[in-house]
Amino acid sequence: MNIEKALMNYYELTLASYEDSTNRYHYRIVQHLIKGLKYIKVKKLEKVDITIGYKLIDYLKNHTHNGNNSIKKIINYLRKVMQHYRITTSIIDLPHLPNDTKPFERFYHDDLELIMTYTKNLNSSKNSITYKSFIRLLLDSGLRVSEALNIKISDMDFKNKVIRVLSSKTRKQRYAPFSSFSLKYIKELIEVNPKRDYLFYNFIKDRQTNKNDIKLFYKRLKKHLNLERIHTHRFRKTFASILIENGLNIDDLQKIFDHSRIETTIKYVQHNEKRALQEYKKYNDWGLN
C-alpha cells in the first residue's frame, strides 16, 4: 500500500472525529511522516518495520524541530494508520523515547491568589471581562482549553450550574460543573453582548476567542506576575488536586473528567510533600498495641 496515499486517506477518514485545531495538528504529523519516509526511501506501508522506525526517529531529530514528546506522537500516529489497515510489523516493538519536557504542575495557593487578584483588577474593557471569566471558569470547572473555548451561551445551565460540553478528546457530550466562584463573571460577560453564539469572544477582532488569544494572555500573566509555565493544563490539575484535598472521592472526579480509566484521573492529583506528611498523621492509627 502506498504510504502517502494511506496516510492521507486515514487523515481524511478521521476528520469528522476531531475538532479543527486537532485536525490541523494531525495534518502536520502526516506531512512530517510523508517527508521523512520519502527521505529514507520507503514507499510501501508494509515495509515500515522497527529498522525504518529508528531511521524515521533519526530523520525527525536531525531535520525537524521536534523533541522527543512530539516524535512519540508522530510515531504513534503512524502505528494507528498501520493498525487501521491491519498491517502488523516489528515497528510495534520500537521502544518509546524518554520524555524531554517536564509534566505540568498544579498551582498552589500563593500563585493562584496572584492570578485571581490580577485578573480581578483588570480594566473594564470587553476583552478583559473575557479573560477574567475564562480564568475563573478554568479553575471552577476543570475544562480543557478547547472545551472551554467552544462553549456556547446556550450550553450554560445557570439553574443547575452545569455546562453542556462536547469533549475535545472523545467527541462525546457531557456536563461540567461550575459554581458561584465563576458565575458572576460569566453573567457579566454574557451581558456585554447576549446575542452572540460563543461565550468567549474576542471583541477587538470580532470573532470567537481562540487558543492563540489565550496563549498571549498567559504570556501577559507570566510577565506581570513572574510565574513560570502558565498553561490551561495547570488549572485542570489544580482543579483536581484541590477537590480531592477538600474531600471529593476519586471516583466522582473520574466521572467529572469523563475518564475511562481511573489511572488517568490519578495523574491529575498532585499534593506537596509537607501536606502529605501532615495528612499521614491524621490516619496512622493501625489499631494495634
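One-based numbering along the chain as shown.
Glycine is no exception: its Cβ is also placed from the backbone N, Cα and C atoms.
Taken from Swiss-Prot, the feature domain 'Core-binding (CB)' applies to 1-86. Marked as domain 'Tyr recombinase' by Swiss-Prot: 102-281. According to Swiss-Prot, the active site annotation covers Arg144, Lys169, His233, Arg236, His259. The feature active site, O-(3'-phospho-DNA)-tyrosine intermediate is assigned by Swiss-Prot to Tyr268.
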List which of the active-site residues Arg144, His233, Arg236, His259 have their Cα within 10 Å of the Cα of Tyr268 (active site, O-(3'-phospho-DNA)-tyrosine intermediate), in sequence order.
-> His233, Arg236
Go ahead and report the DSSP secondary structure tallies for the domain 'Core-binding (CB)' (1-86): helix first, then strand, then coil.
-> 68 helix, 2 strand, 16 coil
When a 10 Å sphere is centred on the Cβ of Arg144 (active site), how many other Cβ atoms does it contain?
-> 20
If one measures from the C-alpha of Arg236 (active site) to the C-alpha of Arg144 (active site), what distance in angstrom results, rounded to a whole number?
-> 7
Return the residue, from the listed active-site residues His233, Arg236, with the maximum count of other C-beta atoms within 10 angstroms of its C-beta.
-> Arg236
His233 (active site) versus Arg144 (active site) - Cα distance in angstrom | 7
Using all protein chains shown, find which of the active-site residues His259, Tyr268 scores highest when you count other CB atoms within 10 A of its CB.
-> Tyr268
Quick note, His233 (active site) and His259 (active site): C-alpha atoms separated, nearest Å, by 15
If you average the pLDDT over the domain 'Core-binding (CB)' (1-86), what number do you get?
-> 94
